[in-house]
Amino acid sequence: MLAVYPGSFDPITLGHLDIIERGARLFSEVIVAIAHNPQKKALFSVGQRIKQVQAATSHLKNVRVDTFDGLTVEYARSQRARVLLRGLRVLSDFEYELQMSHTNKSLWPEIETVFLTTSNEYSFLSSSLVKEIARFGGNVRHLVPANVAKDLEACFTQTPIPSQRPLE
C-alpha cells in the first residue's frame, strides 16, 4: 500500500525522518511530498528541500521524494495513494490533524489518514524551532540530518543575526 507523507519540510528534522522510517516499515512505498506554498516564506527553496530529503532518506529504498501544489488530497489521488501519513507530537497537533483528516475525507471518501505519534525524543521538535536555534548560532546537529545541519550553518553564517538590545 502506498502512503503520502505531505509537509513543507523546511527543513526536514529528525522527527520527520523518524515518521518516514517508521512509515516505510508499514507501507510498501512512502512518497514524501513537499508542498509548494507561495504564501509561506520558506528558508530553503523547493529544490533545496528535495535534495535535503533525498539525502536524508537515501537509505530507505521504498521512499521517494516529490513536490506538489494545491490540495494534498488531490495530490494523493493523482498518485493513486489512499493513505496520508501524519505525525503527531502533542494534543494540539491531533486536533488540527483530525480536522484536516475529516476535511480530506469530505473531498475524497477513499482517503484514509494514518497517524503515528512521534518518538519521545522528538516530541518537542519542529522545523520552526530548528530554524530559530540555527538563526542564533545554536547547535542543531542533534535535531536534523547532518546534511541539513550543514545547510543551516551555511545559511545563517551568511546572514547576520539581528542585534538584540542589551538587558537593562
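The count begins at 1 with the first shown residue.
The backbone N, Cα and C atoms fix where each Cβ goes, and this holds for glycine too.
Going by what Swiss-Prot states, the substrate site holds Ser8, Thr72, Arg86, and the candidate of Lys40, Lys131, Lys150 recorded there is Lys40. Across the structure, Glu97 (ATP binding site) and Arg86 (substrate binding site) are spaced 8 Å apart at their Cα atoms.
The shortest Cα-Cα distance between Leu125 (ATP binding site) and any of the binding-site residues Lys40, Thr72, Arg86 is the one to Arg86. Here the Cα atom of Arg86 (substrate binding site) is found 14 Å from that of Ser123 (ATP binding site).
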